[in-house]
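Asker: Taken from TrEMBL, the feature compositional bias 'Low complexity' covers 29-48, 271-280. The compositional bias 'Polar residues' annotation in TrEMBL covers 259-270. Here TrEMBL flags 281-291 as compositional bias 'Pro residues'. Residues or ranges marked as compositional bias 'Basic and acidic residues' in TrEMBL: 332-343. According to TrEMBL, the feature domain 'Excalibur calcium-binding' maps to 307-343. The annotation region 'Disordered' is assigned in TrEMBL to 29-50, 259-291, 321-343.
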Amino acid sequence: MVVATGLITVASFSGTGAADSDVTQAAATSTTSAPTTGTSTSTSAPGPTLNPVVVAGPTTLSAPAADRSLAKLETLAVKGRAPKTGYSRDQFGQSWTDDVTVAGGHNGCDTRNDILRRDLAPIVLKPGSNGCAVLSGTLDDPYTATRIQFMRGKTTSSAVQIDHVVALSDAWQKGAQQLSPMERRNFANDPRNLQATDGAANQQKGAGDAATWLPSNKSYRCVYVTRQIDVKSIYRLWVTQAEKDAMVRILAGCGGTPVASTPPTSDLSETATRTATPAPAYTPPPSTQRPMYVAPPPAGDDGGSTYYANCSAVRAAGADPIRVGEPGYRPGLDRDGDGVGCE
């Protein structure tokens, strides 16, 4: 009864679109499902043969896969959030519409039931729904690492909700405003951006990005942020710096090696690069000042044969202060007459 969940590989795909976690619509009954009265039938009951929407991938990430995700993350623009002005769920088309060009589009079933059929096992389908509507099933929830029993009904359907891995509101503020209406409709119904999960966890996430919300199941976080990076790359959405930092931290914990970011190039940095060789350290030239030479004084001068014309000469000779009895001392250098000159 364990269902594989996590990274998803598209079995068939065309077109592009936009993404968000619309919690108000996540538990809504699908457009093709009917009331739950009547006899249920298993997936083996007669009905149309539906091509698989996606093939479920692994719930853990290898180090090489983490490296690839980190490299892809480096291709995403880093900007601040744009204003939420103009956002509404309607900007992404009718909820769970089948009128899309991503995998599962135009298969006769609404997107919500497509994802329930993909992520739940075993399932019971509603008779007369052309093999679309899921009445019950079991979800091994990758977000919470719990097993949840799904039963369609007004008070029970919300136990399992469909999460937009990259929330619609988050996408709107990070580039989806520039997408065409068709791209936004594809984004909201792209199986790569959808995951059946615990209703309470989906409500808790709201429109959070990787910087503000991560699955409580830590072993799934690497796959979770990888899916977000993939979706943002497909739909040309950007990340905030805090969001990118959180993604790098999570993927590094899975064995990935963060890519060294290249700082923006400017004229100043280019000039600095061209003149990066440091100049030799400045060494001042040796002093050319020498003790002043003065002819010996007349015989009988107190200084003997050494004579200094002034205190500058004494200091230049390194003889300051000069005291009575030392060569070169004379009263003219000792203004206060205390026996110590050139103090």
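The backbone N, Cα and C atoms fix where each Cβ goes, and this holds for glycine too.
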Asker: Can you work out the mean pLDDT of the predicted model over the domain 'Excalibur calcium-binding' (307-343)?
Answerer: 83
Asker: Work out, from DSSP, the number of helix, strand and coil residues along the region 'Disordered' (321-343).
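Answerer: Grouping H, G, I as helix and E, B as strand yields 3 helix, 4 strand, 16 coil.
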